[in-house]
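Chemist: The annotation domain 'PI-PLC Y-box' is assigned in TrEMBL to 360-446. Sequence annotations record features per position, and here TrEMBL assigns domain 'C2' to 447-576.
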C-alpha cells in the first residue's frame, strides 16, 4: 500500500499492485503455446520467427528462457526450460531482450558513398557549457557530444589576451575561454569511443597568419596520422565515411577566401534581427516543435530585399591586420572547404561541377530560400555539404526544428547539444539509426535526378507510402525512479501518453491517450494510426506526462526512427528532459506496418 498525506491529520492509502497482463499479450501466449500454460523452446522460437526475427534457432530461444528465469529467480519446470505467461510478459518488457528498433548497435547502411550522401550528427558551438552569452567554455561539452556519437565538432578560434596563443570562445560575449590545445587533446581521446567513423572539426577562424601557423602545428602534433588531409587542391567528390574511418578532418574557409570575406559590405554579413514579441518564449520542454511549413511561410513574408546573409563571421578591428601571406601548411590541412557565395544564396546553390565544398546557412536563411527554391537546395546537397546553424537570437542555446534541414538534404544540421527540449529530442532520436554511428544514409529518392532534371521536391503533395499502427499498452518504472510525492503530494500520479510523428509537414502529428488516475503502472491499451508519405526520415515521438489541474508534469520521452522500428510488441525505454535514459521507466508498445 502507498500512503499519502491528506490535509494535516489524515492519510490516504492506495494499493500498489501490478497491472494485469494486456489482452494482446495473453492472446499471443495462448496462440504460440498451443493453449498450454507454458511456452517451451520451440514455441518461443516460433513466436520470435513470427515477429520478424531472422535466423532464430533453438539455442537462441533457450538462452532467452534461461535469462528470464535467472532474472526472475525461478527454476525450470520439471527441468525443462519454459515460460509462464508472467515470464513471457517479463521477456516482452525487457529492453535488452526485446528492444524497439532493429540493429540498435549495428551499422547496417552502406558506408562507401561520398560524405554528401549522409546526414551527419552535428554540434554547434560545441565548447559552450550553457547559454550563448555568458556560460563557460570547456572541453567537457565536447567530450559529452563525442560520447553520444556526435561527429561534427565546432570550435571558434580567437587570439588569446596576449595575442600569442589560441583560445576557443564565443566571440564578443562574456563567455570564459578554453585553450585550443585542451579541446584538441580531448577530441583525440574521445573521437571514436562511440563511433569509428570520421570526426569533422569545423573551425570559425578569427586568427592572424602567425596564429594559423601555430594551429597547423598543434593539429599535426595532436592528431598525427589520424588527421586526414587531401593531396589535391580540390575534391570533385568527397571521400566516404568508410574511407575516412578512424580519421579526423578539418573544415573551414581557406585563408585567402577568409580574408576576402572580411572585405565585404554589411549586406554580406550575418546580421541577426532583434527579438520580436514572443520570439523567445520557448520553455524548457513544453514548447512544441515548430512546423517547418510555418517557418518557410513566415520567412517568405519578409521583404524580398532583406539581407541574405551567409556566414556568421563578423569583423574585428585587429583582424584587418591580417596579411596576404598565409602558411601553406594551414591551408593544406583543410579537407572540407567552406566558401561564401558571391551575391544571393540561390546563386551559390548552383554549385561548381569541378569541386565540392561546404555552405553554411542560418535556420532563417534556409527557411527563406526554401520558400521558393527548395529543389535547388536538394540538388546542391547531392554533391556538396550544407550546414544549418541556429539563429543568433537563440541566446539560451535552444534549437529549431531539424526537419527544416533534413527534408532539403542538409547533411550538417547543427544543434546546441548542451541545451534540451523537444527539438533536441528529435535530433537524438534521428541518430539512433544505423547503430548510432552518427552517419545516416539519405534515402535514395533524395539523391536522384530524374531524366527531366527534376529532383525531390520537399513541398510536393505525396501519396501515402506506408501506414504505421502504434498501440500503447502500459508503462512502469516511475515508482523506482521518482520519489513517491514527486508528481502529486496527495495521491499516485495520473499518467497519460502522447504519441505522434515528426517528419515532413503532412506526416507530422501528435495524439494522446486518456489519463489513468492514481496509478504508478498505468494501463492505456490505446491504438493510433499514422499515414506516412515519407517514412524513410520520419520519427516516432513518445512522451508521458502526469495530469495536473495547474500544470502537467513531465514523465519521460523518446524519439525513434520509423524506418528501424521492429514490428510486434516491444519495450520502449524513456529518457528525461536532458536526453538521459531513466533507469527503470519504460513502455510496452506494439508497432505494425500496413
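Cβ from N, Cα, C; glycine included.
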Chemist: Based on DSSP, tally up the residues of the domain 'C2' (447-576) by helix, strand and coil.
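Modeler: Summed by class, the stretch gives 10 helix, 60 strand, 60 coil.
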Chemist: In the domain 'PI-PLC Y-box' (360-446), how many residues does DSSP call helix, how many strand, and how many coil?
Modeler: 37 helix, 15 strand, 35 coil
Chemist: The domain 'C2' (447-576): mean pLDDT?
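Modeler: Here the predicted model's pLDDT, averaged over the domain 'C2' (447-576), is 96.
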